[in-house]
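Chemist: According to TrEMBL, the record shows the following:
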| type | residues | note |
| --- | --- | --- |
| DOMAIN | 208-400 | domain 'GMPS ATP-PPase' |
| BINDING | S235, G236, G237, V238, D239, S240, S241 | ATP binding site |
Amino acid sequence: MTENIHKHRILILDFGSQYTQLVARRVRELGVYCELWAWDVTEAQIRDFNPSGIILSGGPESTTEENSPRAPQYVFEAGVPVFGVCYGMQTMAMQLGGHVEGSNEREFGYAQVEVLTDSALVRGIEDSLTADGKPLLDVWMSHGDKVTAIPSDFVTVASTESCPFAIMANEEKRFYGVQFHPEVTHTRQGMRMLERFVRDICQCEALWTPAKIIDDAVARIREQVGDDKVILGLSGGVDSSVTAMLLHRAIGKNLTCVFVDNGLLRLNEAEQVMDMFGDHFGLNIVHVPAEERFLSALAGENDPEAKRKIIGRVFVEVFDEEALKLEDVKWLAQGTIYPDVIESAASATGKAHVIKSHHNVGGLPKEMKMGLVEPLKELFKDEVRKIGLELGLPYDMLYRHPFPGRASAYAYWAK
């Protein structure tokens, strides 16, 4: 039986910051599983997730506005540590009896925070010292509002010249708030602060490692599909390649990969994909040359989004035709990764603008005839690459400049 790598977990509530996914990636880099949910999560959902700790992200809204986002009150009643970042600190302060004031001027950029009081969050962490020996931290600020009064049971841990409450804490409840962004590299000791919160204060073990993720994924694939056959559209890109390798390790010859050559790939990429996955790794691959079909469908179209949809439609048609040639295939595998899931969830709830349609999530036929296998859906792209290395894929292939399957189509001017 594989180790439960989800046993210790952090819940990150998203208030809309551009850095929120970076917070999640930093927690994962510490070897701890986390998930990113919208701020208006229910008490029941938090209970079901059973987090070891909760992080409240930054956000673009003003806590002084009447309808601005708030953390569910249960966050502060669950008995687990809570870490508020920027907006997350402000809403924590307001909800627990403090005060926040708006400002016409934003504080954006480098700042130096002076640590005034001992706290588990920053104990022993410093960038330099003041003349009288107090620790200084080099941090990155990005805020308009600021806390002007902390809750009565909190203490001021650190301040700047313009921000009297740069860090606040309630050590007994293990509640912490910082007005800066520890997740960005400009905050030099930010990773140590996150590590202190996640590993020490929340007492999470480092179970989220590439080798353990692979073992867990293989076990879950086997449990999900059993002895059934699985089909995968292999493009040669990072996500589908790592998906193919995981499935091959889990179910071997019960996986069939369909490589559709749309005529829009890198030079010699079709041959390279067949050589690597077919000859070297021994996967079952069906090579479908469909260049003329794709280019004919694109003829006369110059709108990028229309091209995206045409290529997606033709791919599904070709893929379905190949799938019908195979006997007893019960499952369709996809290289969906965690940002795809986040993006699609945000679009579905109206919490984000759809910049472009996504090619994985929401791109399936409406009447899909097979079950869906998505072994990467919990992983960020950098994690997928690390998994790929662990599975034996070449570094150059995993870290080369991205070349989406539709890139050549966008550059191709229809005639």
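Any Cβ shown, glycine's included, is placed from N, Cα and C.
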Chemist: Find, among the binding-site residues listed as S235, S240, the one whose Cβ has the highest number of other Cβ atoms within 10 Å in the structure shown.
Modeler: S235
Chemist: When you measure from the Cβ of G236 (ATP binding site), which residues in the chain that are at least 6 apart have a Cβ under 8 Å away?
Modeler: F259, L265, E269, Q272, V273
Chemist: For the recorded ATP site, enumerate neighbouring residues of the same chain (Cβ within 8 Å of the Cβ centroid of S235, G236, G237, V238, D239, S240, S241, site residues themselves excluded), in sequence order.
Modeler: L234, V242, T243, A244, G335
Chemist: Give the residue from the binding-site residues G237, D239, S241 that has the most other Cβ atoms within 10 Å of its Cβ, counting over every protein chain displayed.
Modeler: S241
Chemist: For the domain 'GMPS ATP-PPase' (208-400), report the average pLDDT of the model, please.
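Modeler: It averages 86.
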Chemist: Let me know the DSSP-derived helix, strand or coil state of G237 (ATP binding site), please.
Modeler: coil
Chemist: Give the sequence-ordered list of residues that share a chain with V238 (ATP binding site), lie 6 or more positions from it, and have CB atoms under 8 Å from its CB.
Modeler: G335, K381, V384, R385, G388, M397, L398, P402
